[in-house]
Protein chains: 2
Amino acid sequence: MSLPTVRTVADLRAQVAAWRGQGLRVALVPTMGALHDGHLTLVRRGRALADKVVASVFVNPTQFGPSEDFARYPRDEGGDAAKLASAGCDLLFAPDVSVMYPDGFATSIDVGPVTRRWEGAFRPGHFNGVATVVTKLLLQGLPDVALFGEKDYQQLQTIRRLVRDLDIPVSIEGVPTVREADGLALSSRNAYLTAEQRAVAASLNRVLRDVVERVRAEPGTVADAVAAGERALLAAGFDAVDYLAVVDVASLEPLERLDGPARVVCTARLGKTRLLDNFPV
Amino acid sequence: MSLPTVRTVADLRAQVAAWRGQGLRVALVPTMGALHDGHLTLVRRGRALADKVVASVFVNPTQFGPSEDFARYPRDEGGDAAKLASAGCDLLFAPDVSVMYPDGFATSIDVGPVTRRWEGAFRPGHFNGVATVVTKLLLQGLPDVALFGEKDYQQLQTIRRLVRDLDIPVSIEGVPTVREADGLALSSRNAYLTAEQRAVAASLNRVLRDVVERVRAEPGTVADAVAAGERALLAAGFDAVDYLAVVDVASLEPLERLDGPARVVCTARLGKTRLLDNFPV
């Protein structure tokens, strides 16, 4: 199967406008490539919500810090295109960096408090990069709906805030995390793990499920449950826990006791690899 | 004449979508009200470029500093609506602050270097406020074209950069400054001037025209021409010159000698009132 591919904003807009002229609804799935079944689930969900699905593949340099893995981030456009086609994607938008950030580009979007903690604290500038590139992709394609995984939960809540605040005319759809048989959340960065690290990685989702059960059973013991979870991750073989917290579902502010819709969020490290996961409480 | 008025994003979008469904082109003229013939010239130019013209009136709190004139900025919606109708405007969008900035609003857009000097240096945060509200207005209305006066030249160049950088699907049209018989640029803030200050104000455009003539005649003498201009403004009765500079037309960086398209930009003060003007060189 071969997937139609466009590389310029004009070509993307022409195809979307042609579809729209036929009265069709369009979904966009923004990705950084290195696609796995989590991404393909977004595409399949897009097909359920719209008539045509566009996927973008763009490894966005502005959301990587200077010491992060931009250069070694896995890239395989041919493989990605084949996977997208098999999942029912209609069009691949794969712009060059020079298309997204031509000479003189200078604008940055800050989504405020929801971006400050957790990933935002460990990756300064990350969410400004995400917000800016997502705004561009949404305004380049003008889809009816755009789909993002719950795996990057703070990113999803940042994008919801961004779209609401700037009145971007699109509906944002969050899609539940897809997991391996042992519960490990699918992530392009899992490819960095050694066999030994991969065995340890499976404990992340189990520990978070334990934290959820504990705070559900005893809503006043969030601090104890979090401390126990951190100990369990280190005991299981993680090298560090960047954060583990029970947070408000929208603001991402940490909760001391469970008194409304909450989410447990965590990033733990295996060597240089940061593994993220989260669950609804 | 009575002008149809909407106050919510949903009502604005419904009217614009109805027009678009009829194959009509739509122009947007964003204003802060207190309309004068400069604004009405934007409306008339909008009519020449599109089938329907929407004007927005919104005194945007986020582009005013804490010690600035937000509270006393002139407001007269009835008078504004009558003027807009007489100029051929089709729809007034007059949202409340709570429509533009509902609880939880948190996003801010920074357009980078073009915003740092001149007005940006004297009004910290001003252009972030402008960029954010203009992005919202453009995405709320999704016009084909939006019109802005050259009078606020740095604002116009900031919006051009913003629209290009974020791929906002709109064409930006700059419209030459409208002037009184003695050359004073029309501005809502001229209403703050006493009769005596108003007489002094007319010298601003004359001094800037002199600077233009001088640097055109001797392209290497920018610094001398600027210094002479500043002295002339103070001699004419201005209380202070915030800046007077010959700058690159797009980047707003100051030029030491004239070697390409340039603009002379200036803000001078009469009491608390800041008067802006600029000319092409």
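Positions of Cβ are set from backbone N, Cα and C atoms, glycine also.
Annotation comment: TrEMBL describes B:H39 as active site, proton donor. What TrEMBL records for B:32-39, B:149-152, B:V178, B:186-189 is ATP binding site. Taken from TrEMBL, the feature (R)-pantoate binding site applies to B:Q63, B:Q155. According to TrEMBL, the feature beta-alanine binding site maps to B:Q63.
Candidate binding-site residues: B:L35, B:V178. Fewest other C-beta atoms within 10 angstroms, B:V178. Of all the Cβ atoms in the protein chains shown, 17 others lie within 10 Å of the Cβ of B:S188 (ATP binding site). A helical conformation is recorded for B:S188 (ATP binding site) in the three-state DSSP classification.
Around B:M32 (ATP binding site), the same-chain residues at least 6 positions away in sequence with a Cβ under 8 Å from its Cβ are B:V57, B:F58, B:V59, B:N60, B:Y73, B:S188. DSSP assigns B:L35 (ATP binding site) to coil in the three-state reduction, placing it in neither a helix nor a strand. Nearest to B:V178 (ATP binding site) in space, judged by Cα atoms and limited to the recorded positions B:H39, B:Q63, B:Q155, is B:H39. The secondary structure of B:Q63 ((R)-pantoate binding site), as reduced to three states from DSSP, is helical.
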